[in-house]
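A.B. asks: Quick one: the structure is below, questions incoming.
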Amino acid sequence: MAKTKAVIPGSFDPITYGHIDIIERSAGRFDELHICVLKNSNKTGTFNIDERMALIEESVKHLSNVEVHNYNGLLVDFCDKIGAQTIIRGLRAVSDFEYELRLTSMNKKLNSNVETMYMMTSTNYSFISSSVVKEVAQYKADISDFVPPNVEKALKEKFKK
């Protein structure tokens, strides 16, 4: 039987416990889970792609079926390249759905063989976003409930002044 492969795309700038929640829950449902770090042209990154990948790899090293990649192109092309049939998208709130629906519709039009599945973030992480974590970190507040220790350390270094 063919291995089931899924992709979780995102900018992960930086990875948060909300992301990790979706990754851990997805890892148990697929033979291979591929984290794809994409450049978001609408956002200026705090961490470069290599830094983000290193932070993710450290944060998910306990998951043996998870691989971290970066890709500069269309997500559906990446799915084709690795043979993934499924894209996993995390939703924090209903407000995320409209944007995600547009992405899903475009991806489906570009490649009808790839399905998108939505997973609700666990309630205790539903308010966390990378942007909010970075904003709080800039003010030297405690972010240990929102990100793994390696990410907390990296953010403190970025915002040290």
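A Cβ is built for glycine as well, from the same backbone N, Cα and C atoms used for every other residue.
In case it's useful when we look at the structure, here is the feature table from Swiss-Prot:
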type	residues	note
BINDING	SER11, LYS43, LEU75, ARG89	substrate binding site
BINDING	SER11, PHE12, HIS19, GLY90, LEU91, ARG92, GLU100, TYR125, SER126, PHE127, ILE128, SER129, SER130, SER131	ATP binding site
SITE	HIS19	site 'Transition state stabilizer'
A.B. asks: At a 10 A cut-off on CB-CB distances, which of the binding-site residues SER11, SER126, SER130 has the highest count?
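C.D. replies: Output for this query is SER130.
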A.B. asks: Measure the Cβ-based neighbour count of GLU100 (ATP binding site), defined as the other Cβ atoms within 10 Å of its Cβ.
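C.D. replies: Within a 10 Å radius of the Cβ of GLU100 (ATP binding site) lie 14 other Cβ atoms.
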A.B. asks: Out of LEU91, ILE128, give me whichever of these binding-site residues has the highest number of other Cβ atoms within 10 Å.
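C.D. replies: Of the binding-site residues LEU91, ILE128, the highest Cβ count within 10 Å belongs to ILE128.
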A.B. asks: Between ARG89 (substrate binding site) and HIS19 (ATP binding site), how many Å separate their Cα atoms?
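C.D. replies: Taking the Cα atoms only, ARG89 (substrate binding site) lies 10 Å from HIS19 (ATP binding site).
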A.B. asks: Cα-Cα, whole number of Å: HIS19 (ATP binding site) versus LEU75 (substrate binding site)?
C.D. replies: 18
A.B. asks: Below 8 Å Cβ to Cβ and six or more residues apart, same chain only. Which residues does that give for LEU75 (substrate binding site)?
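C.D. replies: VAL7, PRO9, CYS36, LEU38, ILE87, ASN107 - these are the non-local Cβ neighbours of LEU75 (substrate binding site), listed in sequence order.
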